[in-house]
Each structure stands twice: as C-alpha cells, then as structure tokens.
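As given in TrEMBL:
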type	residues	note
TRANSMEM	26-46	transmembrane segment
DOMAIN	30-485	domain 'Major facilitator superfamily (MFS) profile'
TRANSMEM	66-85	transmembrane segment
TRANSMEM	97-115	transmembrane segment
TRANSMEM	121-141	transmembrane segment
TRANSMEM	153-171	transmembrane segment
TRANSMEM	183-206	transmembrane segment
TRANSMEM	332-351	transmembrane segment
TRANSMEM	358-381	transmembrane segment
TRANSMEM	393-418	transmembrane segment
TRANSMEM	463-481	transmembrane segment
REGION	491-526	region 'Disordered'
COMPBIAS	505-519	compositional bias 'Basic and acidic residues'
Amino acid sequence: MSKQDASDDGIPAAEAPAKRPPLNKYALACAILASMNSILLGYDVSVMSGAQLFMKQDLKITDTQIEILAGIINIYSLVGSLAAGRTSDWIGRRYTMVLAAAIFFAGALIMGLAPSYAVLMVGRFVAGVGVGYALMIAPVYTAEVSPTSARGLLTSFPEVFINTGVLLGYVSNYAFHGLPVHLSWRVMFLVGAVPPVFLALGVLAMPESPRWLVMQGRIADARRVLAKTSDSPAEAEARLADIKSAIGIPEGVGDGDNDDVVIVTRKNKGTHGEGVWRDLLLRPTPAVRRILIACLGLQFFQQASGIDSVVLYSPRVFQKAGLQSDNNSLGATMAVGACKTLFILVATFFLDRVGRRPLLLTSAGGMVVSLVTLASALHAIDRVPEGHATPLAGVSIAAVLAFVASFSIGMGPIAWVYSSEIFPLRLRAQGCAMGTAMNRIMSGTITMSFISLYKAITLAGSFYLYSGIAAAGWVFMFFFLPETRGRSLEDTEQLFGGGDGQAQEDVKEDGHDAQKKSTELTSSQQ
C-alpha cells in the first residue's frame, strides 16, 4: 500500500494481501485442538434446555430453582476465567487447557450422579470453573499461534466448537428424552464427561504458544513453533522480532546458536502477569483504556442481546408458539442447534476477506430484525384463541432460526476474535480474562432472569427488550470498533491511538547492557 493510502492519523489502513497464501495446516491443527475445549461450554448450556424438563419432575424443584441452576454456571465460570489469565501466564497456555478439561470432567460426573439439588449445584460450580478456563484460553492461544493471513479464520474456531457443543447438547436431549425420568437427565450430563478425556490428550500433542515461550526466555523454542505456524520463514522471523520487541527483549538477544533459554528476567519472574492489573485498571494509557472499553462493550452486547436465553429456553418458546409435546419442541430445538452451527461457517470463511466490522454490523442488524419479528409473532399468538396459531408458530420458529443464524455470522465468533486481537501482548491474557468475565456475568444475568422476566412482561416483551439492546450494540460497534483485519497482533494497539508501546521504546534506548535493560523492564512492569 502506498503512503498516499495511509490514513490521516498515520496508521496504514487494514488491507488483505493481494494473493492469499495457502492455509498453514500445522496452525490449523493447533487451532482445532485448542478450540475443541469450547465444546464443553456449548454442550453444558444447551443440554440444560432439555434436562430441565425432566429434572424438574424428578427432583421436584421449582421454576426459580431451575432458572438459578441453569444460569449460575456462567457466574461460577468467573472464577475460572479470571484465574485463567494468571494461570496461563504461569504454567502456559497448553497446560491451562488441560486443566480446563480435567475440571469440567469432574463437574460433569458430579452433575450426572447428583442425588439432590444441593449436590447438583456443587457440580455446576465445578463445571463452571472449567468452562471459564476453556472459554478464556482457547481464543488467546489460537490468536497467538495463527499467522496473520488466517488469524480471523482460526480464531473464530472456538465459537465454531461452542456451536458444535450446542448442537451435541440438543442431540443428547432428543436421544435420551425417552428414558425414565430419573435416568434421562443424568445420562445427558454424564455424556458430557466423555469429550474432556480426549480433549486433554489431544492438547498434549500441541506446541506451546510462541508468545508465552518468548515471555519465558525460550526464544529458540518459540522460533521453532513460529517456523511451523507461519506462512514463510521471513514471516516467522518478523513475528519473532515483533514479539521480542513488544516484550522488551533488546535486539540481538536470543539470536545466537546457544539460545535455548535466554535469561530476560530475574529468575523468570515478572513474566507471570505482575503489574498487569495496574496497567489495565489503575493507570491505563488512553489507548489501553479504549481497548478495554471495546472488549468489555463487545462482550456485553454479545450476551445482553439474549442469545443464551434462546439457546437455553427455546423448548419453552416453541411450546408457547404451539409445539406442545416434548418430542416436537426438542426436535425444533435441534434445528436451532443445526442452524447456529451451520451459519458459523459464514463467519469463518469471510472474517479475513471482508473484515470484522462488516460482519459485526450485519450480524447485529439481523438480530434486531429477527428479535422484533419473534416478539411480534409471540404478541400476536397471545391474542389468538388456542389452537388457531399454527401460521404464527411457523413465523416464531423461523424468527428464532434467523436470530441464531444472524448471531453466528458475526456477534458470536467475532467478539472472541476481536477481543483476542486488540490487547498488547503484556496485557492480553488478563485483558481477555476480563472480557470473558463480562461475557459470563451477562450470560448468567440473562439466563437467571429470563423466566422471571417473561412472567413479568411476557415472552413478547422480553424479546422486544433484547431487540433494543441489540440495536444499541449496533450503534456501539459502528462508532467505537476499528477494523483489525490484516494487522499483526503487535500493532493493533495503534488502531486505538497507541504508539509502539513502552517496551519497544526501551529497546531503542542507547548505552545499556542487554541483560540490565531486560531486568529494568521487568522491574518497571512489577
């Protein structure tokens, strides 16, 4: 791109390469393995939609207890998502994913074998912690291992597998709903203990994130991973140089033959997140503050627009629309899962072609239209005598399918892609953890209040409310989110008005010994 094409603020406009390189198969395999952890969240959310119908009969619990049980896992997941940032900086991205699978495995067993509501709540807590870990770490690892040309595609994979988990949960509901009441919901939960075993084993075959390796001074290891996950040797070296510069490793350090472990900090301290919360919350630069608002705002609107209410309570919506039998409502719910999974492919194939903003704005616009249509159909059904609402039931089902399709082409995957791209390296793990926390808080709030909300203002009123929130989200994204397509992870901060980062400025200073410089940088971060 010529200098004449540069934007007024001196930042080159994001532009896709003229000729796209072939997809790096090694990076693709890493992204798939990492993202499969996200199946756990999708399965756990959707399996509850059918399990609650039988759980209520078996355990003799109220709608309020069901509402709390269904949504509380999102609040519990805050423990995992907030701990995941520090954990992943401490033990690495890869072992954090193994930990997530192990925790979720334990939670699924407890839920499936729970003899009472209280024990079931304990299982939800354990599973929630595992979900929080998985939800935060998968997009971070995938973004850090992906070449720039395919980062949007590969970083959208966690959402692809969340949707796969949603579909599997619905299939499980339908497959086991014919069992005796006291067994059906237990088998639905116990099936969820199977995937974590294979996921943990698969993750062990993956390499560690090159950015985490550099943070530990393992530059030679990072170079080997980058050589496998980059489109060319030149790109691998450029990515390594950008990572070292962002961290504050002086030029030339780690470039020799004997560089298996380069001491860049005092006893490798200062690379596990110390000082990051201060830089994020207490004394952020204007650029970091805007990045944080962008991340939290995007995650807020993703959930506040009601997607988890539709996923979790769609059987109730369909029963309200006229599908009275469990078989019919659960069958229609399977169609929701299939539609949600199918349309995620639109985002994965177009993220790196048309960019993040166009898909986000199209997605939010479609969500507004479909929610208004659904609310209007349900409002009309309330005014039609029972047994005469068949055409409106079809409109309601079509509107639900349009809503989840619209969500899947943009808001669903891109919230995670965008959040994992925009933070500077030193703040990425904890920044993404905060975004995940916002996502889980809103999901928990929405799902734990939906039954009470629709009893207070009707189903139609609830979806009118969600449509207004989605419209506000469209406005926020239009005015506040710049395009990140084609930008490296190390320079996206510039899009929000930041410079090259303090660490890069320090690298350019003259008259300092390399190891002394690294030690000083570490001390300043602490």
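Just so you know, the numbers here start at 1 and follow the chain as drawn.
Each Cβ is built from the backbone N, Cα and C atoms, and glycine gets one as well.
When Cβ-Cβ distances below 8 Å are used as the criterion, the transmembrane segment (358-381) is approached by residues 301, 305-306, 317, 320-322, 347, 350-351, 389, 392-393, 395-396, 398-400, 402-403, 405-412, 414, 418, 458-464, 466-467, 470-471, 473-474, 477-478, 481 of the same chain, each at least six residues removed from its ends. If one looks beyond the transmembrane segment (463-481) by at least 6 residues along the same chain, the residues whose Cβ comes under 8 Å of a Cβ in the stretch are 293-294, 297-298, 300-302, 304-306, 309, 356-357, 360-361, 364-365, 367-368, 371-372, 374-375, 378, 411, 418, 453, 457. When Cβ-Cβ distances below 8 Å are used as the criterion, the transmembrane segment (393-418) is approached by residues 139, 143, 151-152, 155-156, 158-160, 162-163, 294-295, 298-299, 301-302, 305, 307, 310-311, 314, 317-318, 320-323, 332, 335-336, 339-344, 346-348, 351, 356, 359-367, 369-371, 373-374, 377-378, 381, 435, 439, 473, 481, 484 of the same chain, each at least six residues removed from its ends.
When Cβ-Cβ distances below 8 Å are used as the criterion, the transmembrane segment (332-351) is approached by residues 46, 49-50, 152-153, 156-157, 159-160, 163-164, 166-171, 173-174, 310-311, 314-315, 318, 323, 359, 397, 400-401, 404-410, 412-414, 417, 485 of the same chain, each at least six residues removed from its ends. Same-chain residues lying 6 or more positions outside the transmembrane segment (183-206) and placing a CB less than 8 Å from one of its CB atoms are 30, 33-34, 36-37, 39-40, 43-44, 47, 50-52, 54-55, 58, 94, 97-98, 101-102, 104-105, 108-109, 111-114, 123, 130, 169, 172-173, 176-177.
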